[in-house]
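Pulled from TrEMBL:
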REGION    B:1-22  region 'Disordered'
TRANSMEM  B:34-57  transmembrane segment
TRANSMEM  B:78-106  transmembrane segment
DOMAIN    B:80-281  domain 'ABC transmembrane type-1'
TRANSMEM  B:126-149  transmembrane segment
TRANSMEM  B:156-176  transmembrane segment
TRANSMEM  B:260-282  transmembrane segment
Amino acid sequence: MMSGDCRRVERPRRMTMLLLALGLAMTAGGGVPAAQAQSATLVNVSYDPTRELYRAINDAFAKEWRARTGQSVTVRTSHGGSGRQARAVIDGLDADVVTLALAGDIDAIARESRKLPAGWQARLPSNSSPYTSTIAFLVRKGNPKGIRDWDDLARPGIAVITPNPKTSGGARWNYLAAWAFELDRSGGDAGKAETLVGAIFRNVPVLDTGARGATTTFVQRGIGDVLITWENEAFLAEKEFGAGAFDIVYPSLSIVTEPPVALVDQVVDKRGTRAVAEAYLQFLYAPVAQRLMAAHFYRPARPEHADPADLARFGSPRLVTIDQVFGGWAKAQAEHFADGGVFDRIYQPGAPQGTRGTPSLRPGAATR
Amino acid sequence: MSEQAADDISGTPAGGPRRLRPRPAVAETAAMRALLIATAIGFLGLFVVLPLVAVFVEALRRGIGHYLETFADPDTQAAIRLTLTVAAIAVPLNLVFGLSAAWAVAKFDFPGKSLLITLIDIPFSVSPVVSGLVFVLLFGAQGVLGPWLAAHDLQIVFAVPGIVLATVFVTVPYVARELIPLMQEQGVSEEEAALTLGASGLRTFLTVTLPNVKWALLYGVLLCNARAMGEFGAVSVVSGHVRGLTNTMPLHVEILYNEYNFVAAFAVASILAGLALVTLVAKSLLEWRYGDALGRSRLY
């Protein structure tokens, strides 16, 4: 037995050498390309539905920047639920610019990491939002459940798809739009608003972490009767899967969503990218980018630069702003989405008070 | 012994003048056997083969041209490169660690041995998401070591080192777990013999211990590599998902899928599935070529 093993000693050595060589080859081929002098890299940490938009804008910006300075620039993007992305930046993800779903998430970065000043939102035009959007419904073709407005979503037997307000910016807008609707209808009764929003969230079978996850749940997996989502996301889903598979429904009242952009001062100073990062953010307000935004179903801050045909696609629900109804993001965030806020009360089973017997609803629960 | 036992069960009078012939270990009827085999094959087909085939069918849905186009995308290439890099670092580390840990545990007695075994098993029992989060809490900007790292301009999480750390963490048990039972079963008598004959410790290890476990070691490395390349959860937490920079193949599959780019998503997935197939084929080849040696190493 011993001798038998000794004769085979040569083989594993060869095998080891082979493995080693393979490992070395992989490492050699796998090095991260070193930055060249004539090129710059920007990291744009964004929210979920802007993947297609920023791909188009990044290309346009790279072209423009090369024409202006001769330097080639690569903009790398990361997408995910807005709250989750903000968390990653706070935890050390080196973003040169953040383009998130709502001001509250960038406020959180400024507050917790001090990587940018608290007054960041005043640094760029239109509250640092190069475009706005609103919240709409995507329903199955022909609207079989007859969904017309927010109160229809609270009807028993309607399955509503929305991401989780804790991680997704879009979901927080969804929540606030529903709240604003009931507040408006009831003449300012916050109790009624809480009842309606609570009933809507009880109809949610799956809470995804980001808007795109919710869209795939609705569109690909075929779960739910209605998807509450960004207007731009609804149009994109309709475009991707062919008009006729879904209908877009505008509620009677919705909210102006302002996804802002900001420079992360500490990161650009560390990486020496301030000039190109600032130019990138300015470029978002330039005619080329504004036109691209309208083409990608966002409402540009300067509509005069957009193709009128693109703008004509949008519906016109009555729109309110977060400042009018909720007194700004800081207040809305603290009251509704902070730990122990209204959303936790509506959402968590067995909360001590004011739940009116809310049945259990857990994050990630796959089916009802 | 087993012959007699089988005779007793089947009710043959013991010690009767009967021809000695091998009896089947199980005596199911043909129909029952067919049913059992069909169940096993059906289960495998439904849960293993079908999804695997689906990956390739989806990837090639729009022709080989579209399939190959996926790999011309620089972000996809970067993801593949990153995954290979991470595996090339994580697997050798685990090979060395797993081998030394197994050697220590199996051949020596020391205080804290069971603690070491428990520690090796931790990544199996901890959810990958938690494994990732641990590194964010340790090395993140708000973490324990965050300020120190920032002061020295070191980036761990949301960069390649974090991804490597998370991958090493989740793959720690594979090599060691494959080796420990085998080495324990083999005992220390051969090593003792070698030492008595005057071999040095190192020589004993290289010419006695290592050859005895070579197949189990290779198998452990294959498993470890498959997991290192396929890991999603832990890597997802520490990656930051910046495409072209910190996006591994499994993360890239998710991104492509979420961008309605199904052909590309399945094309990248097909590489991962292909890797699984290669592992499988390599394992089968080994078993076929070195069946005896493997069989011995599989005694446990």
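We count from 1, first residue shown onward.
Each residue, glycine too, has its Cβ placed from N, Cα and C.
Of the two recorded stretches, the transmembrane segment (B:34-57) lies close to the transmembrane segment (B:260-282), with three or more CB pairs under 8 Å once pairs fewer than 6 apart in sequence are set aside.
Within its own chain, the transmembrane segment (B:156-176) has Cβ neighbours under 8 Å at 82, 85-87, 89-91, 93-95, 97-99, 101-102, 105, 120-124, 128, 131-132, 134-136, 139-140, 143, 149, 217, 220-221, 223-224, 227-228, 231, 234-235, 237-240, 242, 245-246, 248, counting only residues six or more beyond its boundaries.
Proximity of distant same-chain residues to the transmembrane segment (B:260-282), defined by a Cβ-Cβ separation under 8 Å and at least 6 residues beyond the stretch ends, is recorded for 52, 55-56, 58-59, 61-62, 66-67, 70-71, 73, 76, 79-80, 222-223, 225-226, 229-230, 249-250, 252-254.
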